[in-house]
Amino acid sequence: KIRADHEKALEEAKEKLKKSRDEIQAEIQTEKNKVVQELKKKDSKPLPPVPLPNLIGINSGEPADPDIREKRNKIKEMMKHAWDNYRQYGWGHNELKPIARKGHSTNIFGNSQMGATIVDALDTLYIMGLHDEFREGQEWIDKNLDFSVNSEVSVFEVNIRFIGGLLAAYYLSGQEVFKIKAVQLAGKLLPAFNTPTGIPWAMVNLKSGVGRNWGWASAGSSILAEFGTLHMEFVHLSYLTGDPVYYNKVMHIRKLLQKMDRPNGLYPNYLNPRTGRWGQHHTSVGGLGDSFYEYLLKAWLMSDKMDTEARKMYDDAIEAIEKHLIRKSNGGLTFIGEWKNGHLERKMGHLTCFAGGMFALGADGSRDDKAGHYLQLGAEIAHTCHESYDRTTLKLGPEAFKFDGGVEAVAVRQNEKYYILRPEVIETYWYMWRFTHDPKYRQWGWEATQAIDKYCRVSGGFSGVKDVYSSSPTYDDVQQSFFLAETLKYLYLLFSNDDLLPLDNWVFNTEAHPLPVLH
């Protein structure tokens, strides 16, 4: 059989070589066109009609108090400043360099122009009532957002920013184009799950489907916060397409994690997708770990509290975190440290500050009537993170801060003194405001708003700063897409009434994209 096949191939090759170069080119083109048509057919099978969940509170939230209304309008003006400059100088690029006034991209989006800022900002534009800007964004997405590019992207970042952003825009506006694009993109991420364990690679090439892990992560491991932060979006994808493949992928990850041994009940940040074993025993509620815990809680909330398995995993994890990572400093500040090779590092990252909001959000429904305890813990974390802002010159928080000896809530290393327009502290203020209505959270949010407007605003947009302890800081010249997606959205919600995106009906993904509870 092999010889016969071989002979046949030789004959075909001889036949081909008799043809002229033009004929051969024409044949190749015909074949290519056929493949493209097939792919188009495959890509565009119509999605089943599914009922839209009952969407409550997607506009308004107008506060009665004129002072609060004025503050809310100021935040809307800042959003317009960020968007208009991106529109003028960075349109279609992933992000904006507001000082150089040109486009900017990082390796998480590969090497292609995917308009990350547009997709990330859509739902913020929508809830602020900036409908002309929303339509501009929609038009760009409809005409230019193309996922068949030869580009290696972060599975996690593309999921939370692009799929999350497109799904939220779809639910808020009802425009089909967002749903179609989200599903197309999700199909491009699926090959990342082709690993021996089903734990996805960190990166995937959108064209070839080839995946790999970050070189710096513990011996080729995947990262807990990356493969553990897909659940919300993938459940919604299965809901909207009627295709269980997405749901099955994330449930497989959960089942695998449930079977594994956990040192001290803590989840290490690294897991090898080839062997299914943990990498080095680092545990963190900051970068590398953070949103895994958040998505356990939110999976339960998003399921209308039916997914009790997720709630149990959350409760178990939080108990271990409280026992091993949460401490009080000498000055009485509650902080969350990081577990590294058997000892606790007394350092907290800006990213970890989201946990105050998470504890508050998870208070209702916690074990042993501990709701009050967790609300209190949320308030203590919010206070600590506010101190990290208050103890700087600019009143903006550093990337990481220590609790060693006499130094508390202050960054020590030069490379931890930057503020890159991050949202986590403001996110916690907003959750704490929703659950307590203590006016200090609005006061703290306003302090941050004024500091951002004073020190990060430039004529071409908003930029991060390199040293929050310096009275004349240098800019990093990046307007992050999450500044429009998260920071400005949480600020706007903080100065809106609770009937705008009520938490009983909406669950925010880790990039602040609201997804409806699926009853």
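Using the three backbone atoms N, Cα and C, a Cβ is placed for every residue, glycine included.
Because TrEMBL annotations are produced automatically, they should be read as predictions rather than curated entries.
The annotation active site, proton donor is assigned in TrEMBL to E157 (among others).
Per TrEMBL, active site is recorded for D290 (among others). The Cβ of D290 (active site) has 25 neighbouring Cβ atoms from other residues within 10 Å, across all protein chains displayed.
Around E399 (active site, proton donor), the C-beta neighbours below 8 angstroms that are at least 6 residues distant in the chain are G349, H350, A411, E416, K417, Y418, Y419, I420, R422. The active site, proton donor annotation in TrEMBL covers E399 (among others).
Neighbour count (other Cβ atoms within 10 Å of the Cβ, all protein chains): 24 for E424 (active site). Under the heading active site, TrEMBL lists E424 (among others).
Spatially close to T510 (Ca(2+) binding site) yet at least six residues away along the chain are I160, G164, T229, D290, S291, E294, Y295, judged by Cβ distances under 8 angstroms. Per TrEMBL, the feature Ca(2+) binding site maps to T510.
Within its own chain, C385 (disulfide bond) has H350, C353, G356, G397, E424, V425, T428 as residues 6 or more apart in sequence whose C-beta sits under 8 angstroms from its own. Feature annotation from TrEMBL assigns disulfide bond to C353-C385.
The region 'Disordered' annotation in TrEMBL covers 37-66.
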Recorded positions compared (E157, C353) - the one with the fewest other Cβ atoms within 10 Å: E157
